[in-house]
Every structure is written in structure tokens, then in C-alpha cells.
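Asks: My questions will all concern the structure given below.
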Amino acid sequence: MPPAAPSVARSREGGGIGQRRLVFPKSARRTLPCPIALCLGLCLAAAAATTTRASAAAFASAGDTTAMSAFNLLHLVTKSQPVAPRACGLPSGSCRDKKNCKVVFSQQELRKRLTPLQYHVTQEKGTESAFEGEYTHHKDPGIYKCVVCGTPLFKSETKFDSGSGWPAFHDVISSEAIEFTDDFSYGMHRVETSCSQCGAHLGHIFDDGPRPTGKRYCINSASLSFTPADSSEAEGSGIKESGSPAAADRAEL
């Protein structure tokens, strides 16, 4: 007849309710060798501890799941909130509304006389590929103008190599030549630059330029035309444009 297996009993000694101890039948204590009895006792103790830990883990897991679900819900709600743009501070009747621009062209006309890239950049706020623009490494003296309406924007003396891949200038010919608008596209905040006369998109402005202004006007080559210094007049008007027919067909309202 096989020896009886030990059992687990609760001890009430010293008020220790809930504590467990191993109780071996007398027959087992008489017949089982000491090593075997010890092994059985250790196995039963390990099983009891595992059961207790499993129960605690189940409760903890349920709590963690609830907490994680609440966190995920909060995360999704937060992510779904749109970025609240700040007021761009444009004056009433700004040229960003094409009807209020001083110089207005029909889209049909612009598609005819601008290249696809020039149209995309100036009218659709596109961006040309870095280091591929016509004026990225251009160093000739002269004046850079809006490719759409011919408004003088930058002098070659203010152009510098920013290493960004686009033409960069640290100052403008006139503070009234360019308008600034808050741009929250692509999940970031930038300041867009556009021509104040026709509303053409030029690029963006940053605060990491050289002295004396500390500004960097990062401008698309496709937004610009260039007039050599030897062909320009005193005020930059009546100049023969290089690479741009924009000024010839300009219609002022």
C-alpha cells in the first residue's frame, strides 16, 4: 500500500490565521525516507506559493489593463485635438486674399507663362528639391525679384550660403515687399514669406541668420527671377528680367 501524501493545514498557533504548514501522516513519516519527504514538502510549498502569486498577478493584471485602457483613451483624445493656430497678425485687406492684391493675374495666364514648378511653388505653396534650384549657388551681383509680378525682393549683397539647399538672404530690399504668415503645416510652426504685391509664395523665414539682422530668408529659386546689376536702374524698375516673363504681362489693379 503506497504511503499517504502529506497535506496542507492552516495553523492557528499564535493567532497566525491564514498561515499554512505541511502535515505528514504518521505512516508517511514512518515509511518515507527523509530526502523524499523533504522533496514532497518543498513541491507542495512551491505549488501553494505559485497559486498565491497567480491570484495576485491576476488582480494586478486587471488593474494594469484598466489603467492602460484609460491611458490609451486619454492619448487618443489628446492626439485627435487639432493644433490651434495663432493669429498671423496680417492687416485687414491683406494680399493673402487674392482679391486684395495690388497685382492680380488669372490662373490661366499664370499657367501659360510660368513653368510647372514655378506655378506649383508660387501658387500652391510647393517646395522645390534642395540643392537643385537655379539660384542656390548663384553669386552674380544683381537683384532678385518675384517671378510672378517682378517686385524687387533681395539684393545679391544679402545672399549667403546657409547650407540648407535653398537660396538664403539675411535682409530684404524693402520691409513692405514681403508679408509674413504663420504656417502650421506638417505639424510644426514656421513663418511663411510671400510677395506683398501678388501673394506669391516665396518660402519661410528663420531666426538663425548672420548679422546684422540674424534672419534667414529661405526662398525657393522657382519663386525668383534675377536681374544683373549692370542692367538695373536706380530704383530697380524698368529692368529687363533674366529668365522671367512675369513683369511684361503684369496687370495692376
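Glycine residues also receive a Cβ, built from the backbone N, Cα and C atoms like all the rest.
Note that the structure is a prediction, hence the values are computed from the model and not measured.
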Asks: Out of 11-37, 173-199, 227-253, let me know the one Swiss-Prot marks region 'Disordered'.
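Replies: In Swiss-Prot, the region 'Disordered' feature sits at 227-253.
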Asks: Could you check Swiss-Prot and say which of LYS98, LYS102, LYS112 is marked as N6-acetyllysine?
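Replies: So the answer, going by Swiss-Prot, is LYS102.
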Asks: What whole-number Å value do you get for the CA-CA distance of CYS195 (Zn(2+) binding site) and LYS102 (N6-acetyllysine)?
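Replies: So the Cα of LYS102 (N6-acetyllysine) lies 10 Å away from that of CYS195 (Zn(2+) binding site).
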Asks: Would you report the average pLDDT that the model assigns to the motif 'Endoplasmic reticulum retention signal' (250-253)?
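Replies: On average, pLDDT over the motif 'Endoplasmic reticulum retention signal' (250-253) sits at 34.
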Asks: How many other Cβ atoms sit within 10 Å of the Cβ of CYS198 (Zn(2+) binding site)?
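Replies: By my count, 24.
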